[in-house]
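Heads up: the structure comes next, in structure tokens.
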Amino acid sequence: MPFLPPNACFETRLPLPADRLDLIPVSEETANFHVSCEVNDALRAGKPLVALESTIITHGMPWPGNLEMARGVEALIREEGAVPATIVVIDGRLHIGLGDDDLAALAQTKDALKLSRADLAYAIAEGRTGSTTVAATMIAAEMAGIRVFATGGIGGVHRGAEESFDISADIDELARTPVLVVSAGAKALLDIPKTLEALETRGVPVVTCASETFPAFWSRDSGLPSPLTLPDAPAIARFQATRERLGIEGGMLVANPVDAADEIPRSEMEAHIAAALDTAKRQGIARKEVTPFLLSEIYRLSDGRSLATNIALVRSNARLAARIAVALAA
Ligand code: PSU
């Protein structure tokens, strides 16, 4: 049962015109939640929905490519017959579904916090603005009753984690929160074998769509076999529905290799990753800053190609996520 009922932010009749949303009285318990009309209507009608994160917009890509990506992804999801729900905290309000003006403003926000399980409630309590990572987006999606979520690549076990202990909270979230996450695997700047081990230990199913090998974000092939493989969205939806019926807790990671036409081969990426990791080490970059720093360094080193591939893979993930959501709702 979702924590947040679909009509949590409304106390009056539905549907409401979007421009009157702010006039609607909200109760104290629900004042911190804002479910857009489009998302609210979809939830009530049992229509397929796809959650989208916001860290990728504020910390993962430079402006204006980030806005182009965010808009494009929302349009693609609608094209596939599902409803997009971008999730973010703005001035202490958790938004589930964002209008285009807010999306454009968010894409140019410089000082948004990067929120995970540990600090999602902190941002709400303190009236702050923060973007949700995979972990925080899963939490919010579950509250709203959204079962499918599309991103670029999950966080995982960082290279050198045996010394730094740097393991993304995304891993534990996948183990506990029942949301299906579609990604292009784990970001290649991570230690992918250890990331797969960590997921296996926690009982997280890792299913690659239509490939026997696990992808490496910008590249189609990490060189590692995928723990599970399924051919298409209906098969993945069947697997997820069976898990739900059996009451098996936790999420699922669906890996979707980037299209061959958009990929950057692993050999080429490795040189950029090694150089970026070296710079990060010399500059003492740590904790939450590591992933955004490495992504922007790799963008610079690859003359912007990493961004074009990142946008392509998120679009492809959004399409697959929408198809899974449609199949699950059928
Ligand atoms: N996918 C992308 N770009 C990103 C991310 C995902 O294409 O920037 C974000 C997600 O929000 C993910 C985060 O949760 O990177 C991982 O951060 P960390 O390694 O600090 O946990």
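In case you wondered, yes, glycine gets a Cβ from its N, Cα and C as well.
All TrEMBL annotations are machine predictions without curation.
Summarising the annotation, TrEMBL assigns active site, proton donor to GLU53. Summarising the environment of GLU53 (active site, proton donor), the number of other Cβ atoms within 10 Å of its Cβ, over all protein chains shown, is 28.
The number of other Cβ atoms within 10 Å of the Cβ belonging to SER168 (substrate binding site), over all protein chains shown, comes to 26. Annotation note: SER168 (substrate binding site) sits in a coil segment as assigned by DSSP. According to TrEMBL, the substrate binding site annotation covers LYS114, VAL134, SER168, ALA169, ASP170.
Taken from TrEMBL, the feature Mn(2+) binding site covers ASP166. Sequence-distant neighbours of ASP166 (Mn(2+) binding site): residues of the same chain at least 6 apart with a C-beta under 8 Å from its C-beta are VAL157, HIS158, GLY160, ALA286, ARG287, VAL290.
Around LYS187 (active site, nucleophile), taking its Cβ as the centre, 26 other Cβ atoms fall within 10 Å, counting all chains. In the three-state DSSP reading, LYS187 (active site, nucleophile) counts as coil. Among the features that TrEMBL reports, active site, nucleophile is placed at LYS187.
Secondary structure at GLU53 (active site, proton donor), taken from DSSP and collapsed to helix, strand or coil, is coil. Residues distinguished by a CB atom under 6 angstroms from ligand 1 are absent from the recorded positions LYS114, ASP166, LYS187. Within 10 Å of GLU53 (active site, proton donor), as judged by C-alpha distances, the recorded positions found are VAL134; the full candidate list was LYS114, VAL134, SER168, ALA169, ASP170, LYS187. Listed in sequence order, THR55, THR58, HIS59, GLY130, SER131, THR133, LYS288, PRO292 are the same-chain residues six or more apart from LYS114 (substrate binding site) with CB atoms under 8 A from its CB. Between the alpha carbons (Cα) of VAL134 (substrate binding site) and LYS187 (active site, nucleophile) lies a span of roughly 13 Å. In this structure, the binding-site residues under consideration are VAL134, ALA169, ASP170, and the one with the smallest number of other Cβ atoms within 10 Å of its Cβ is ALA169.
According to DSSP, LYS114 (substrate binding site) sits within a strand segment.
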